[in-house]
């Protein structure tokens, strides 16, 4: 691999790690932050606003990357993310921190999908499988080590440095992308779908706000506010669809979703997003509150998930052309079924080594399925649609996480409020198994072969 590609990969990996770790790094730091800033009622929104702004902007940035090039949009997103990080460190109230976390999310929404798009542009199909597995593992590692890093800064430095540390590292990545990543763009007249983006954002914000707000309590209660917001979201989405059908350069080309491969892949991505967030949130909960491990040890037990992920992605990359993407997704689905089924029978005395083994099995599932789906989607579209196609996969994964954490939270809280935390966690594991079954069923509808499209831009 030439030096320029190695430098680009290093920069992309570092930036991806920073945006990924900021999803969880504040978990262990929040008690100290709340003690310093007050307004404890806003704690949950420090997490939620980052997820919301990331989800809303992901497909928009994907389209902009197709129009203006990957480099410009990536650098813009990375700069916004670092600006948000700096402001978070300066926060003097929880309201300010919540606002600045939203700015961070606006930047992360560009970094995450465009990273995968750049990989799709620069590397062959076989190389992509290995690299995407590696980048996916970065996400898994970030989710696990985030709380540990957050706790370290709170205990030995200051909570502000959770955010400040992003800046020097991120600036190096921006410099490397600026220097080594070059793309040739054909000059053309650009039509930006402003109205489509506006109504899409309004619809999604209404929907996600409803889920995130309701998820803080006993699940979705369907009160008047909830119903009103869902109606607003539905109406705005209908207007968005009408706009997309008429605009010459739609933000989200509806024709893409008429293709079985892409449409089915979106559903599978959402289900896998739900599985990932469910495991990431509730397995550490089980290990800490039921088994009695420390946060650090709980992270070590879950760590095998991040080991199985890149291993399976690497193996899948070698056999992608020989077996085809559908077989890889199906085999990954079997790993999900086995892992989630066995998790459904956990008891407080279950060996942590056994749980670690199950995490490894689930990591194999994520490595095979997520990588195969992303490559298949990228390979089935031309260059000018690769950004929006790739971002749509990331977007649906985020949507799956948002809906999943709300639904699983409703199940968990139902039992927690009755004083049955252990039962609530077991029921969540049951729900995760059902999710894995649905994912396996949807796999049936994937086309046997992924369409291959090659086009120079």
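For all residues, glycine too, the Cβ spot is worked out from N, Cα and C.
Copied over from TrEMBL:
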type: DOMAIN; residues: 8-451; note: domain 'Major facilitator superfamily (MFS) profile'
type: TRANSMEM; residues: 41-61; note: transmembrane segment
type: TRANSMEM; residues: 73-92; note: transmembrane segment
type: TRANSMEM; residues: 131-149; note: transmembrane segment
type: TRANSMEM; residues: 161-182; note: transmembrane segment
type: TRANSMEM; residues: 194-212; note: transmembrane segment
type: TRANSMEM; residues: 224-243; note: transmembrane segment
type: TRANSMEM; residues: 263-282; note: transmembrane segment
type: TRANSMEM; residues: 288-312; note: transmembrane segment
type: TRANSMEM; residues: 324-346; note: transmembrane segment
type: TRANSMEM; residues: 352-377; note: transmembrane segment
type: TRANSMEM; residues: 398-416; note: transmembrane segment
type: TRANSMEM; residues: 428-446; note: transmembrane segment
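Looking at which of 73-92, 161-182, 194-212, 263-282, 398-416 has the most CB pairs under 8 Å to the transmembrane segment (41-61), the answer is the stretch 194-212. Residues 44-45, 48, 51-52, 55-56, 59-60, 220, 226, 229-230, 232-234, 236-237, 239-240, 243-244, 247, 250-252, 402-403, 406 of the same chain, all 6+ positions outside the transmembrane segment (194-212), place their C-beta atoms under 8 angstroms from a C-beta of that stretch. Long-range contacts of the transmembrane segment (428-446) within the same chain, counting only residues at least 6 positions beyond its ends with a Cβ under 8 Å from a Cβ of the stretch, are 260-261, 264-265, 267-268, 271-272, 274-275, 278-279, 282, 325-326, 329-330, 333-334, 336-337, 339-341, 343-344, 346, 404, 407-408, 411-412.
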